[in-house]
Amino acid sequence: MELKEHIIDLPKKVYIGYDIIDNIKEYILSLNLSGPFLIVTGPLVRKIITDKIIENFKDESVEVVEVKIASIDEVNKVEEMAKGSRINTIIGVGGGNIIDVAKYVAYRIGKEFVSLPTAPSHDGITSPFASIKGLGKPTSVKAKGPIAIIADINVLASAPRRLINAGIGDTIGKITAVRDWQLAAKLRGEYYGDYTASLALMSAKHALSCAKILDKDVRAGVRVLTEALISSGVAMGMAGSTRPASGSEHLFAHAIEILYPDKALHGELVALGTILMAYIHGINWKKIKKAMKKVGLPTKAKQLGIPDEIIIKALTIAHTIRPERYTILGDRGLTWEAAEKIAKETGIID
């Protein structure tokens, strides 16, 4: 399918290295970004990292606001503060929730956004999309893509291993997401970008290679993962949608998040969904599952405390989460019996 217009939204600069948060002011000013600046962060992150960043901005006008979750209430709070202080640039310092709030507010008020992630837990650190609770759906919405990403590997490598593994899980999901995209292009005439899809798959390949590296050198492994997450976000920016990074595995994850909220990390659910959807696609799901085990990702629902019936129910409703997004689940989805069989044969449930 040919598109009349295709807009590619990419970062202007990506800074990646060790102890580079000390250079943040230099980076910001080199991009000709002006104050007042608003730093969106979290309570824990502020104590460890954000206060250090604020010291670097002592000659600039800087405001700080703390958020806990990516909800529309938090978005409204941050937006009100940004407008009241006539903010020109928003800097997100934290994990996925904080980054999502920061870039969604930047999108709503038309200001530049800088991403400074503190955990490599998902590819939202780069993408022009955000997941915000309270908008009536658990899927991603358009947001402001970062003009710059500042990825300090020492900061990212200090994140809990579970968050690092979740980032691997989220990135592995590109394997089935791209296959779903190809299916939608073939059966529904959707736009499909071969180069963009290849970039997403390369991200998944590098994420899978992290297991061996992380065990030997955490910082080296986290650098590979961070670059994979950035590449995945870039793929979404090039595609103009989340298609190369989000397919049936994400629909399953979103279904779990609705049925059994706040019990698992997003990347952990995507990882489970990837095993299940790989099975349906006829992809070598056993190889994917084996790689996940090596990383330390959960491969069974009970490892996350999720009841079997929730897994089955999620499989039966996943196709309804985003009806306009065609995937291997089709328009009708799975019956309870089919869902139970798939979940058992893949070992997700006993």
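In case you wondered, yes, glycine gets a Cβ from its N, Cα and C as well.
If you check Swiss-Prot, you get these features:
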{"type": "BINDING", "residues": "G96, N97, I98, I99, D100, T118, A119, P120, S121, S127", "note": "NAD(+) binding site"}
{"type": "BINDING", "residues": "D123, D170, H254", "note": "substrate binding site"}
{"type": "BINDING", "residues": "D170, H250, H266", "note": "Zn(2+) binding site"}
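A Cα-Cα distance of 8 Å separates S121 (NAD(+) binding site) from D170 (substrate binding site). In space, H266 is the closest of the binding-site residues H250, H254, H266 to A119 (NAD(+) binding site), judged by Cα positions. Within 10 Å of H254 (substrate binding site), counting CA to CA, the binding-site residues G96, I98, D100, H266 contribute H266. Per-site Cβ counts within 10 Å over the binding-site residues D123, D170 peak at D170. Under the three-state DSSP scheme, D123 (substrate binding site) falls in the helix class. A Cα-Cα distance of 13 Å separates I98 (NAD(+) binding site) from D123 (substrate binding site). H266 (Zn(2+) binding site) sits 7 Å from D170 (substrate binding site), taking the Cα positions as reference.
The Cα of D123 (substrate binding site) lies closest to that of G96, out of the binding-site residues G96, D100, H250. For A119 (NAD(+) binding site), other Cβ atoms within 10 Å of its Cβ number 23.
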